[in-house]
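> Found this in TrEMBL, in case it helps:
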ACT_SITE  LYS8  active site
ACT_SITE  ASP135  active site
BINDING   PRO93, ILE94, GLY95, ALA96, GLY97, LEU98, GLY99, GLY100, GLY101, SER102, ALA103  ATP binding site
DOMAIN    66-141  domain 'GHMP kinase N-terminal'
DOMAIN    209-255  domain 'GHMP kinase C-terminal'
Amino acid sequence: MLVFPNAKLNLGLYITGLRPDGFRNLESVFVPLPWSDALEVLPAAKGTETTLTLTGLPIPGEPATNLCKKAYELLAADFDLPPVQMHLHKDVPIGAGLGGGSADAAFALKALNTQFKLGLAPEQLESYARRLGSDCAFFIHNQPVFAHSRGDMFEELDFALDLTGTPCLVVYPGLHISTAEAYARVVPRAPRHDLRQSLREPMATWRDTVSNDFEEALTPFYPVLGDIKQQLYAAGATYASLSGSGSAVYGLFPGFSEVPDLTWPAGYTVWSGQL
Ligand SMILES: C[C@](O)(CO)[C@H](O)COP(=O)(O)OP(=O)(O)OC[C@H]1O[C@@H](n2ccc(N)nc2=O)[C@H](O)[C@@H]1O
Ligand SMILES: Nc1ncnc2c1ncn2[C@@H]1O[C@H](COP(=O)(O)OP(=O)(O)OP(=O)(O)O)[C@@H](O)[C@H]1O
């Protein structure tokens with residue numbers, strides 16, 4: 001079975017408090033971004049080892065610590081799974097705030113559930129996904145949603161947020177920002193705005209009312225993040241922001257038939273397309 005784990009963008013992100021488990025509570029709206037890895041899961045012969053081979057962008061750490069492998073082990077602890085051969089082709093940058101590794105994990109859970117007819121409902125898959133990482137659960141339903149708690153609990157949006165077809169440019173400056181480091185730099189506080197209220201309004205107002213707490217905390221250390229955002233606005237973006245804990249910055253260009261063709265320094269990776 002071949003699946004294509006896509007990335008996500010955060011529309012606004014407020015870090016509201018430190019939790020007793022050491023994680024932070026947050027509020028954000030997650031939307032799928034069609035920038036994808038490719039993951040193949042094939043049954044392997046009985047008595048062989050489960051394997052994971054990798055191509056594409058290098059992933060730090062041993063393959064044994066890869067979230068695809070962890071997803072397999074999590075289900076193998078509860079179900080009589082045969083060994084599998086997995087292959088991951090990595091295209092979504094790591095340490096980018098795009099949730100790429102989390103998507104791989106969630107799509108591995110979904111693929112194993114389908115391939116081996118485990119019969120897990122989406123809510124059960126979500127609870128397995130939560131055990132692999134805060135962002136993972138989102139990728140089970142993979143639909144625009146308001147996220148809270150650790151970023152792993154969801155409420156449906158009670159207004160139409162249809163960004164389908166919106167031209168989008170995502171710029172990754174080649175800077176791996178670890179999620180833990182990024183959180184350590186933010187002091188939790190009350191949300192600056194009511195996110196769901198802000199997102200109901202026309203996108204032109206979001207620049208003043210939809211923000212990401214990581215952006216304010218990280219830009220003094222990584223001024224390039226501010227430079228990219230400024231360039232996206234100068235090119236005509238209606239809204240631009242850091243995604244998640246960075247370092248990817250995205251711009252939305254509704255009203256453009258195509259995303260403007262901008263030039264970026266060597267070492268940057270750019271994705272453009274429609275949401
Ligand atoms: C920044 C976001 O991408 C926003 O969607 C996510 O919150 C990150 O989620 P993630 O990459 O799945 O993160 P995890 O693997 O669960 O946690 C990595 C580290 O980030 C910090 N962390 C993560 C999520 C959260 N709500 N509070 C935290 O403090 C913790 O130090 C944790 O050890
Ligand atoms: N399939 C995978 N893809 C990417 N990273 C993985 C994967 N499996 C395990 N990892 C580990 O996760 C780390 C990346 O996590 P990190 O949270 O920094 O970045 P991220 O995947 O871009 O996620 P986020 O968007 O949530 O910040 C890597 O250093 C790597 O060791």
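Going from the start of the chain as shown, residues are counted 1 onward.
Positions of Cβ are set from backbone N, Cα and C atoms, glycine also.
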> Excluding PRO93, ILE94, GLY95, ALA96, GLY97, LEU98, GLY99, GLY100, GLY101, SER102, ALA103, please set out which residues of the same chain place their CB within 8 Å of the center of the CB atoms of the ATP site, keeping sequence order.
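Going along the sequence, the neighbours appear as ALA7, VAL92, GLY244.
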> Between C-alpha atoms, which of these binding-site residues comes nearest to LYS8 (active site): GLY97, GLY99, GLY101?
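Out of the listed candidates, the nearest Cα belongs to GLY99.
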> Return the members of GLY95, ALA103, ASP135 (the recorded positions) with CB less than 6 angstroms from at least one atom of ligand 1, or none.
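ASP135, in sequence order.
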> Can you tell me the CA-to-CA distance separating GLY101 (ATP binding site) and ASP135 (active site), as a whole number of Å?
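Per the Cα atoms, GLY101 (ATP binding site) and ASP135 (active site) stand 9 Å apart.
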> Taking just the CA atoms, what is the gap between GLY99 (ATP binding site) and ASP135 (active site) in Å?
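Roughly 6 Å, rounded to the nearest whole number.
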> Determine, to the nearest whole angstrom, how far the Cα atom of GLY95 (ATP binding site) is from the Cα atom of ASP135 (active site).
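It is 13 Å, counting Cα to Cα.
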> Which binding-site residues from the set GLY97, GLY99, ALA103 have a C-beta atom lying less than 6 Å away from ligand 2?
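What lies within reach of ligand 2, judged by Cβ under 6 Å, is GLY97, GLY99.
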> With an 8 Å cut-off on Cβ-Cβ distance and a minimum sequence separation of at least 6, pull the same-chain contacts of ALA103 (ATP binding site), or say none.
PRO5, ASN6, ALA7, LYS8, SER36, ASP37, VAL92, ASP135, CYS136, PHE139
> Count the Cβ atoms, other than its own, that fall within 10 Å of the Cβ of LYS8 (active site), considering every protein chain shown.
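Summing over all protein chains shown, LYS8 (active site) has 25 other Cβ atoms within 10 Å.
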> By DSSP, what is the split of the domain 'GHMP kinase C-terminal' (209-255) into helix, strand and coil residues?
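Secondary-structure composition of the domain 'GHMP kinase C-terminal' (209-255): 18 helix, 9 strand, 20 coil.
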